[in-house]
Structure formats: C-alpha cells, structure tokens
Amino acid sequence: SAPRCRLNKHLIDVRVVKGEPAELSCTVSRHDVTGTWFKDGLKLTSMDGVCFEKEGLVHKLIINKVEDIHAGKYRFEGGDVKTEASIFVEDPPQVDKVLLKNLSSVPTVVKAGEKVKIKIPFEGRLPVRATWLKDRMELMDDSRIRVDKTETFTMLSISNSERKDCGDYKVRLKNDSGVLEINLKLVVIDKPQPPAGPIKIVESSANDITIQWQPPKDDGGKPVQNYVVERQQVGKSEWVTLGETPRSCTTFTTNKVEQDVSYYFRVRAVNAEGASDALESEEVKAASKATPGAPDPPEIVSTSRDTITISWKTPRKTGSSRIVGYIIQKRKKGTTTWLPVNNMPIADKKLKMTNLKKGLQYEFRVAAVNAAGVGDASEPSQPVFARDSTKSPGRVQDLKVSSSNSTSVTLTWKRPDTKDGSDVKGYEVEIRSSSNLNWTKCNALPIAVTTYTVKGLHPKERYFLRVRALNDSGPGEAAELEALMEAAAPAVPPRFLIDGTVKSYLLIKAGNPIRVNIPFEASPDPVVTWFKDGLPLPDQGSIDTTDDTTQLLIGAAEFTDTGTYTVELQNGLGKRETFSFQVQVTDIPQSPGPIQLQENVPNTVTVTWEPSASEKWENNLYYTVLKRESQKGVWHVVGDLIYTNKFTYTKLIPGRDYYFRVVAKNNLGSSGPSETAQPWRIQKPKAGSQLRPQKYKGVNQNQAPRFLVPLKPHVVTTGSECHMSCAVGGHPPPKVTWYKNSKDLSNDPSYFCTNDFGVCSLVILGVTKRDEGEYMAEATNDLGRAFSKAFLTIKGNN
C-alpha cells in the first residue's frame with residue numbers, strides 16, 4: 001500500500017496590513033495530494049482576490065490584496081493531513097502620502113496674531129487615538145489652543161498665534177494595528193524683540209555721543225534689516241530720529257548734541273514685519289568744554305643717584321583751547337599713589353626732578369592743562385632707578401620679517417651685542433604707516449622674547465616698524481625696517497565642509513555629553529550663529545568657534561535637548577549658509593505597567609498592559625511579548641515589534657498553565673520585564689460537554705442548524721470592546737451570517753467575525769452610540785435555517 005501522507009511544514013499565523021499581499025503555505029510528503037482549503041469552517045471554492053497554487057509538495061493560498069473580509073481561520077486538508085492558521089488583518093492609521101510629505105517638509109508659516117488651522121484627515125481601524133505634542137508634551141485645550149478629534153480627522157486650531165507657538169510638533173495617530181507619527185514645523189513671524197540692553201555710552205564729549213547696544217535675542221523669525229536711533233532732550237516730549245544703522249552695526253555716533261545738555265536715547269530693531277518696541281537709555285549728559293587728551297607716556301632722558309630727567313610730547317587732542325602747561329606726577333614702582341611733582345603748570349616739555357632717593361625705582365606721568373582744566377593723564381613711563389646712569393642697550397641685531405599675510409606681520413630679531421645687551425630687560429615694538437609720521441607703540445609691557453606679531457593691518461598698505469631694547473636706562477637705539485602688506489586673501493563664500501564625520505542624526509543617551517564639530521571655510525571670517533528649533537541656542541549649550549570649525553558642547557544631555565540644531569554662516573559677501581542636524585536624546589526604556597489577561601475570543605488570550613512611561617519621549621519604542629508554560633520553564637518570544645499595548649495569543653492548549661511577560665525596547669536596549677503574577681489556564685472541556693460537530697450514522701447523519709448556546713443581550717460603555725458569542729450545531733456545518741437591524745455585516749470592516757468549529761463570535765472594537773441595535777446570528781445549511789437575536793445597549797461614559 002502507498003505510504004501515509006505526512007505534513008512536513010505546518011501553516012503559520014500571518015499578520016498583514018490591509019491592502020498588502022498575504023500568503024499561507026504548507027508542505028506535504030506526497031506529490032499526488034491535491035488538498036482542499038477552508039475558511040472559518042467553510043470550503044473555499046472561489047473568493048475575490050484569493051487563488052490557490054501547488055508547486056510540487058508545497059500548497060499555497062495567495063491573497064493579492066488583503067481586505068477585512070479575508071481575516072479569519074484557514075484550514076488545509078489533503079490526504080491524511082490537516083493544518084490550520086489564522087490571517088489577522090491590521091489596519092493602522094494612514095494619511096494621504098502627498099499631504100504627509102507636505103506636512104513633514106514644508107513648514108506652516110503665519111504672522112503673529114493670525115489664526116492657525118492644521119487639519120489632518122486619516123483612515124484606519126477605529127478607534128484611532130489622535131495626540132498632538134509640542135516639545136514632547138501633549139497639547140491640551142486652553143483659551144487660545146484647541147485640538148479637535150473625530151473619527152476621520154484631527155485638527156489643531158490656534159486662535160491668536162504667538163512667537164512661543166514656533167517649534168516642532170508631532171501628531172501621533174494610534175490604533176490597535178499600529179502607530180503613525182507625523183512631524184511638522186510651525187513658524188510664527190513677528191516683529192523683533194527690542195534690542196538687548198542696556199544701552200552703553202561708549203564716548204561722550206562736548207561735540208558728540210557714541211552709544212552701543214546688542215542685537216535682539218529674538219529677531220521675530222525674519223532677519224533684522226536695520227536699527228532706528230532716536231533722541232529726546234530731557235524736559236521735552238518730542239523724540240527726534242537721528243538715523244539708521246545696518247544690521248551688522250550696533251553702535252551709533254551723533255554730533256547733534258549741545259554742551260551741558262542731557263538726553264535720552266532709544267533704539268528699535270526693524271525687520272520685514274515692522275519695528276520692535278524701543279530700548280531706552282539712562283540720562284546722558286554731553287560734556288562741557290573739552291579738556292586736553294592724554295599725552296604719550298613720558299620718556300627717560302637721563303638718570304643719576306638723586307635726579308631723573310624726563311621729556312614728553314604734546315597730546316594729539318589738545319581740547320577746545322590752547323595748552324598752557326603740564327602737570328607731572330610720580331610714584332614709587334609697586335605703589336598706587338601718585339604724588340605731584342609741580343603745583344603750577346610748566347610750559348616746557350622737559351623736566352629735571354631732584355631730591356629723589358638713591359636706589360628707588362620711579363614711574364612718571366604727565367597731564368596737559370588748558371582753559372577747560374587738567375586733561376587726562378598719560379600712561380606711566382618705563383620704571384627707572386634713581387642712580388648713576390648705566391649705558392643704554394645697544395641696537396638689536398638681524399631684525400627681519402619672518403612671515404606675513406594681508407593683515408599681520410611677524411618680526412624676529414637677536415639680542416644686542418653681549419657687551420651692550422647683558423642688562424636688557426625687554427623690547428618694545430613701534431609702527432607707523434607710510435602716510436603718518438607718528439610712531440605708535442604696539443606693546444603695553446616689555447616683550448621678553450625676540451619675536452612679535454603685529455595684527456590688524458590693512459592689505460596692500462606700506463608700514464614702517466622699529467624695535468628697541470630696554471634696560472634700566474630706558475630704550476636703546478631703534479632698528480627699523482619697511483614692510484608691504486600682501487593683497488587680501490580672495491573672498492570665499494561661506495560653506496560647510498561636511499564629510500563622513502558629521503552626521504545628520506545623533507542618538508544620545510541621557511546624561512552623556514553632546515559634542516558636535518562642524519568644519520567650514522569662508523573669507524573673510526564669517527559670523528557663526530547657532531539655533532535650536534529655529535530659536536537662539538539655549539544657555540546650556542556652549543559654542544567654541546575657531547578659524548575653520550565651530551563646536552557645540554552640552555555637558556550632560558537632557559530629554560529637552562532633543563530637536564533640530566542649525567548653524568548659520570554669514571560674511572561680508574552677503575551669502576548665508578545653513579546646516580541642520582537632528583539630536584534625539586533617549587535612554588533605556590522604563591518597564592511597562594501591569595499586565596491584564598482576557599479571553600475575548602474562545603481558546604485565545606488577549607494580553608494588555610499599561611504603557612511604559614518612556615512612550616512620552618521615545619519615538620521608536622516597541623514591545624516584545626514572551627510566554628512560558630510552567631513557573632520555571634524557558635521564556636519564548638511569541639510577539640515582537642508590537643507598537644500597541646495589546647497582543648492576542650491563539651495557540652493555547654486547554655489544561656496547561658501559561659505565564660506572560662512584556663518588555664519595552666528601543667535602539668539602546670530593553671527595559672526590565674513586567675510579568676503576570678498568576679498563571680493563565682483554559683480548562684479542559686468535561687467529557688460529553690465539548691461543542692463538536694457530532695457524527696451520525698445512517699439516516700441521523702445530517703441535521704438542520706440549531707443554536708446550542710443562544711445570543712445574550714449586552715450593555716456596553718462607549719469606547720470599550722464588545723464580544724457577542726453563540727454556539728451552533730448541525731450537519732453539514734452551518735454557515736453563520738451576522739446582521740444588525742436586518743443589515744448583513746459580512747463586508748463591514750468595523751466588525752470582526754469568527755467561527756471556531758461552531759463557536760461563533762462577533763467582536764466590535766471601540767463601540768459608539770451608532771453600534772446600538774438588534775443583532776442576529778443566522779445559521780443555514782441544506783436542511784434549513786436557524787437564528788438567534790439579542791439587543792446591544794450603549795451607555796455613555798458618564
């Protein structure tokens with residue numbers, strides 16, 4: 001006889017998203033087996049979108065595009081073998097792809113004060129829970145903001161938009177089949193905030209006043225175009241517009257002032273939306289008749305044991321009247337008290353001071369006097385000892401330019417000859433341009449080394465430089481050279497040098513530092529500005545910028561540091577360049593909440609659990625469900641990549657104990673488990689009580705349909721699930737059809753119907769008031785029909 005047919009590969013449960021293809025396949029041991037397919041106990045001969053294939057030993061049931069009608073339990077019978085599995089149709093929330101792309105890539109831009117309405121229609125199995133979040137916090141209704149949620153769309157409405165509404169928003173649509181998250185950006189444009197204060201008085205004289213301020217902390221979402229400066233005389237009500245400055249200039253000098261008159265100044269920032277509120281200064285008084293400026297530090301002419309002779313030059317600013325003389329002061333080095341040398345101004349620019357203490361070191365300063373009074377004092381002279389003069393140091397050797405560019409020059413030299421330079425105490429460097437005869441000292445303190453870099457020079461300009469050695473007698477003979485600056489470096493528009501080391505998405509564990517280096521090039525040097533979510537960078541982030549790199553550093557990342565960071569480069573060429581990257585701060589998830597087990601459908605268990613607290617800040621969190629069949633058995637994964645808080649396990653064997661645990665996971669790892677405390681068991685049916693299709697012999701083999709367990713009335717609260725069940729007998733096995741108020745529910749995706757060997761269930765997920773009515777289960781076969789009716793009542797949440 002031919003060998004018995006064996007089943008080499010069983011059917012396996014399939015979960016498939018509505019609209020996607022699905023396939024069930026099994027493998028038998030004999031080629032001559034044809035096989036028959038059943039759905040929910042009924043033989044399948046033809047069904048829309050379903051086809052059957054046989055490839056050698058493999059039998060397949062293929063559905064090209066799954067719809068709700070295809071959900072159910074399928075069975076394959078062929079020869080001596082039988083295997084079954086279920087197709088579960090998932091219908092997660094979906095949004096039109098074009099709308100989704102526009103929402104994610106194009107910011108919604110409004111002007112401050114305008115209304116905002118963002119409507120997102122969606123589809124998916126009800127109920128769909130819609131949640132709007134900003135900065136990971138759920139948006140709640142208030143006097144300005146309202147979130148509308150219906151079964152077909154969700155809408156955010158803001159009645160009077162403000163700048164604080166700017167930022168990244170997330171819309172989370174969730175049902176039992178999955179989660180859809182939509183990221184969108186809202187930009188609210190407004191006039192700038194006032195310039196940052198206080199207004200500083202940089203210079204105040206009899207003829208002009210110079211003020212300074214800082215750019216506004218918030219430019220209103222549009223670049224500041226210019227600043228408007230106004231002036232009000234104290235005691236008058238009229239404000240006079242003095243002028244404007246470009247956005248890059250935050251200082252303003254006015255000569256429209258009178259001596260001894262007090263004024264207020266105010267500044268407004270202006271962008272395309274208008275002018276900001278004003279930043280006002282304190283009272284500012286124009287100076288009286290100008291006194292002379294400070295002369296250069298006096299020079300040491302000669303020294304002896306009790307006398308020192310100094311000389312000086314006329315100050316560059318003589319004030320508003322002729323200089324009539326000079327006042328000289330002295331102090332011992334290391335002290336802070338200046339003592340007068342002369343009480344009456346002297347007209348000469350040279351003075352020999354006597355009655356000095358031998359061996360002490362002195363410093364001197366000079367102030368010019370005119371009709372307005374005593375002017376500013378000069379900087380101190382070089383310290384000098386009251387002792388017989390030592391020989392001045394010799395001339396430095398081999399003075400030369402070691403390197404230069406368009407704005408700087410580096411000098412090197414050698415010490416004077418040993419016989420002249422043994423007591424050298426340092427060096428001084430002076431410079432003058434070819435168009436200026438006055439020498440300017442480059443260093444405030446003596447230079448200890450034999451090299452110095454002069455910066456801040458002008459391209460293509462010719463300069464003269466000189467270096468002198470210093471000792472206790474003062475400066476020695478100067479060594480001089482001429483230097484021609486190079487042309488300015490070619491202008492380079494700002495651009496980022498992004499390579500493999502710069503990532504556009506960073507996943508950071510909470511508590512770890514965030515350190516991002518962004519290389520760039522630009523000439524002249526650009527202004528580098530950092531933003532987070534379109535607003536100036538918060539205080540917890542520090543920025544360090546060098547010639548070709550800017551770095552963001554946050555010492556310990558917090559969840560609030562998640563967002564979009566943008567670097568902006570802008571130099572004098574007028575071109576603005578930006579680079580943005582995403583930072584996601586996350587952590588190992590927290591454990592899910594308590595687990596509940598329910599037998600919603602006979603011979604299955606539905607596992608539900610409270611969400612992990614990490615769902616509030618973690619976008620990529622999912623769950624894994626495990627089970628074991630004894631208290632000390634091995635845990636096995638039965639469900640993975642679950643984005644909801646529910647899982648149904650179908651392969652239960654009556655009489656066995658089952659334990660379940662749920663773990664939350666993300667890219668960093670797994671949480672601790674949440675476990676069931678008590679085992680779950682489906683009792684074995686007692687002998688003779690099993691609801692099985694019975695076999696009859698002879699004339700009693702066929703029977704008309706009859707209801708062994710009828711439907712019962714149900715009272716259900718809005719939003720909860722409803723499960724209506726009955727048991728049907730008859731041979732051939734009856735076909736069961738469900739009706740609501742006499743309407744056939746077979747093709748209605750809102751209802752989930754099952755038939756497990758005569759135990760028939762109707763499941764309604766998230767009932768609403770419209771589900772109320774009379775339900776009927778009708779059983780039919782060739783010998784007749786039977787029906788059972790029951791009423792479903794819906795109660796409100798109150």
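All residue numbers here begin at 1 and follow the chain in the order shown.
Cβ atoms are placed via backbone N, Cα and C, with glycine included.
As recorded in TrEMBL:
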| type | residues | note |
| --- | --- | --- |
| DOMAIN | 3-74 | domain 'Ig-like' |
| DOMAIN | 194-289 | domain 'Fibronectin type-III' |
| DOMAIN | 294-393 | domain 'Fibronectin type-III' |
| DOMAIN | 395-491 | domain 'Fibronectin type-III' |
| DOMAIN | 494-586 | domain 'Ig-like' |
| DOMAIN | 591-685 | domain 'Fibronectin type-III' |
| DOMAIN | 705-793 | domain 'Ig-like' |
| REGION | 377-401 | region 'Disordered' |
| REGION | 670-694 | region 'Disordered' |
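Put simply, of 395-491, 494-586, 591-685, 705-793, the stretch with the most CB pairs closer than 8 A to the domain 'Fibronectin type-III' (194-289) is 494-586. Here the listed stretches are 494-586, 591-685, 705-793, and the one with the most C-beta pairs under 8 angstroms to the domain 'Ig-like' (3-74) is 705-793. Per-residue pLDDT, averaged across the domain 'Fibronectin type-III' (294-393), gives 87.
Per-class residue totals from DSSP over the domain 'Fibronectin type-III' (294-393), listed helix then strand then coil: 0 helix, 41 strand, 59 coil.
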